[in-house]
């Protein structure tokens, strides 16, 4: 009569031991996974950033980069319809500095179709994410501040040269990514890819400029380094002043 009771108790003990073994195994696997995550290599972090693995899905907010689209529309339109008289009224030359609108309107003009296409592509690539995350007015302030600083730098260092093109505004947006990343790095999507793309873009432009100086002695076309640097410095400083932390609901 005592044997059934002994068997059942043995079975219960075996089940308990099996349950403990399973729990210990699960805990061991969980801790091993946690340790693997803690020791995740840089490549895995970069891939997770691209795919947003393990990141909770945030609310999608649809916005339109109206300022960038407006600037592109105005630049393309003026390139197609502007005659010589209109170009003379908009281009910047230091001796016409009393006509203050020229400090900004020169950014609407371009020397040729290649100059226009390059600046349109760059300002769309660089500026659209910024406008979607920082807003229209903040990006407009950075862009216009870069154009103004570029014109003043060119007037100070190269007072005999005419100035046209949107490169100062483009460089202002490019350098303003620095304060944007500093303020919002944990909340931005594809942040490592952004840094890599911006570095490649900047280094490519520096390499092309150095080649142009060495090969063509900065002639045909004449690149205004003063306007580029003035716009970049203005964008960097203005970004720290006007940019703010983005809301976590923005999902791009």
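The backbone N, Cα and C atoms fix where each Cβ goes, and this holds for glycine too.
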Practice task
Looking at the candidate ranges 119-137, 195-213, report the one that TrEMBL labels transmembrane segment.
Solution key: 195-213
Fill in the blank from the handout: Range annotated transmembrane segment in TrEMBL (choices 37-57, 163-183) is 163-183
Exercise for the section: Quick one: find which recorded stretch in 64-82, 139-157, 195-213, 225-243 has the most Cβ pairs under 8 Å with the transmembrane segment (163-183). Expected result: 225-243
